[in-house]
Amino acid sequence: MNKSGFLIFCLILLTLSQGVPLSRNTRCSCIEISNGSVNPRSLEKLEVIPASQSCPRVEIIATMKKNGEKRCLNPESKTIKNLLKAINKQRTKRSPRTRKEA
């Protein structure tokens with residue numbers, strides 16, 4: 001094979017390998033989903049993980065203050081939807097307002 005043929009082969013190989021992910025993790029974080037409610041005061045952290053190629057569903061993971069336990073919550077639950085609305089409402093109230101300087 002001559003040099004130009006080899007270079008074309010390398011370029012084709014590079015373009016084909018560009019879309020290959022480095023990680024092959026194709027699992028969801030949540031195996032079991034709790035349908036129960038969660039007291040907002042007992043939450044340390046609430047993570048909302050959108051659906052992706054590695055997991056086709058939205059995942060909501062609650063970390064509890066007292067023991068650090070992580071619970072997967074049902075994103076379709078009315079209680080959890082209301083909890084997310086309340087948290088978003090609090091965030092908009094807490095966000096700093098910009099002032100116009102004179």
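In case you wondered, yes, glycine gets a Cβ from its N, Cα and C as well.
The Cβ of Cys55 (disulfide bond) has 16 other Cβ atoms within 10 Å, all protein chains considered. Annotated disulfide bond per Swiss-Prot: Cys28-Cys55 (among others), in sequence order, evidence recorded as similarity to another entry.
Cys30 (disulfide bond) falls within neither a helix nor a strand when secondary structure is assigned with DSSP, and so counts as coil. If you draw a 10 Å sphere around the CB of Cys30 (disulfide bond), it holds 20 other CB atoms from the protein chains shown. Per Swiss-Prot, the feature disulfide bond maps to Cys30-Cys72 (among others); the stated evidence is similarity to another entry.
Under the heading citrulline, Swiss-Prot lists Arg24.
The annotation signal peptide is assigned in Swiss-Prot to 1-19.
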Inter-residue C-alpha distance, Cys72 (disulfide bond) and Cys55 (disulfide bond) (nearest angstrom): 14
For Cys72 (disulfide bond), the three-state class that DSSP assigns: strand
